[in-house]
Amino acid sequence: MPPIKRSKPDGGVKKISITATDVTPAKGVEEKMSWKEYKKMKQHTGGGTRNKLKKKQRPPTENTEGRAKKPKVLTKEQLERHDTGADQIDPSSMRSKLQQEKMKVTKDKFQRRIEATAKAEKRLVENTGFVAPDEEDHSLTYSIRQKDIAESVDLAAATKHFELKLPRFGPYHIDYTDNGRHLVIGGRKGHLAALDWQTKHLHFEQSVMEKVSDVKFLHTENFIAVAQKNYTYVYDNLGTELHCLKTMYDTARLEFLPHHFLLVGSSRNSFLNYVDVSVGKQVASFATKSGTLDVMCQNPANAIIHTGHTNGTVSLWSPNSKEPLVKILTHLSAVKGIAVDDQGNYMATTGLDRKCRIWDVRMFRQLHAYSLPFGVSNVAISQKMNVACAVGNHVQVFRGMHNGTCKEPYLVHNCGGVVTDLRFVPWEDVLGIGHAGGFTSMLVPGAGDPNVDTLRSNPYETKSQRKEREIKQLLDKIQPELISLNPDDINKVNEGLLELEEEERKKILYIRPMAVQYTPRHKMRSKKSGWKMEARKNIVKDQIRMERNMEKHAVEKEVFEAPEVDDEAPKKKHILDRLK
């Protein structure tokens, strides 16, 4: 087919004329033409559709410097941030060559994982925001009110600022879930409510008709621990009472250790109680002998409990010791607030001496101290190291307290009532405030981590994902015996405990066994005589002695060397050997 001709007449309308040529032979088609013959004929007559022109190839890109680009090298700090001990693996310490090769493969796999994680971290392009005044305006940031911030941000962020005015039942204590999605509030006069604070969906609301000292979420939003007048109660997400923990009496503060499933309560009679909520068993309970324990927090890095006392000291507790692991003199007056960051590196304390002090938990040394105009009661630390302090009816938020660059407050908000509780929302730029007039959700730009770690806690998890996470948490549960100041101790072998168990086992060799005391049950209508009763006693005693002798024989084999055995197999005895 020849090309299409286009012509433009004087009227301005395009006209298209198409001409066709007949390629049939003049004599006609005598035989049936094959596909290959038809293809050759089409190419010969010029009507082929195949484009004989070669494809244009893209010219090779040449580097201006004349050499290939080198891959970006990761810095040592980026690799150390994600290193979990791969450099400490020594394949040469293995005995056999097969084990050495396996350990080399394992070490290479760990190193590749570290590099992949460090490279993926570069793709986290979300940055934290902050509040800054205009260049022409020389006003300070703490003069900006919450109303101005809510009008400047997007609609989704503006809805996160709200207030619940409940002056009849306050003051309130609050708590958020680990993923920051759900909120529970408890008033001193018995008001209790739980809700999804982002969608404002109310789970339940009721009055327990008793004084509420503190509230705490357990491993999911379906379980809520409430410290009431006498005992601690556990409710579900519908407000139904599930348990009454009478071992936690007169509790003032509550903390939950998610990796150990331990609910910790500090009572007004100086007792510290640990309860395993997965099995409902009390793990430890001891008197601290330090007065009322109304100031308490946990170190998320190692699950150590920090308590503040009226003599200005802060004590660090573990369920494995009835004495404090560390005792620090933090203030010259009573301690009113304690907070530890998520990494477990810094601790903030406040006291009646109008001081807010920042401590290095790793060295137990004070880094900085800041003077405030009034006595500070509560304190909280966000994921990005913003420190919030409750000063009477006001809440002051500071930036850079841990590195000494803080000179004035970052934000200030008047709550209209005495502040009793502060909680930063994980993964959000929001600070929850419980006060005498109700609850306030305060916007704090730059407080939360913008890159959500869904493996750690997912704010958008579904019901099936929540159930799966709950099962994984139970499978990965850490025993309370492993709680210590150094969280890396969980990767080591407890040689002292192993030696102690071995010594206890060896005592069976030289300690006199205790007399077996067994009294068979008396049957009223039994026809057995007295000697049969004694026979039953002897059978049970002989069985106990036999088990003990077998255990003693096994220990003797381990402790003492086994007798030498000849290499030659013993010959079978023949009946005529007696005649030799």
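Every residue gets a Cβ built from N, Cα and C, even glycine.
Taken from Swiss-Prot, the feature region 'Disordered' applies to 34-108. The compositional bias 'Basic and acidic residues' annotation in Swiss-Prot covers 64-85, 98-108. Here Swiss-Prot flags 193-234 as repeat 'WD 1', drawing on sequence analysis. Residues or ranges marked as repeat 'WD 2' in Swiss-Prot: 235-272. The repeat 'WD 3' annotation in Swiss-Prot covers 274-312. Swiss-Prot lists 315-354 with the feature repeat 'WD 4', giving sequence analysis as the kind of evidence. The repeat 'WD 5' annotation in Swiss-Prot covers 357-396. The repeat 'WD 6' annotation in Swiss-Prot covers 399-436 and rests on sequence analysis.
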Secondary structure content, the repeat 'WD 3' (274-312) (per DSSP, counts of residues): 0 helix, 19 strand, 20 coil
Positions whose Cβ lies under 8 angstroms from the compositional bias 'Basic and acidic residues' (98-108), at least six residues beyond its ends: 86, 89-92
Remote residues contacting the repeat 'WD 3' (274-312) - C-beta distance under 8 A, at least 6 residues beyond either end: 218-219, 223, 234, 243, 245, 247-248, 252-253, 255, 257, 259-268, 318-320, 322, 324-325, 329-340, 342-345, 347, 349, 351, 361, 474, 477-478, 480, 483-487
Surrounding residues of the repeat 'WD 6' (399-436) on its own chain - C-beta under 8 Å, 6+ positions past either end: 129-131, 140-142, 144-146, 157, 160-161, 167, 170-176, 178-180, 183, 185, 346, 348, 356, 358, 367-368, 370, 377-383, 385-388, 390-393, 442-450, 452, 457, 459
Contacting positions for the repeat 'WD 1' (193-234) when only residues 6+ beyond its ends and CB under 8 Å are counted: 159-160, 162, 169, 173-178, 181-187, 241-246, 248-256, 258, 261, 263, 265, 277, 441, 466, 470, 473
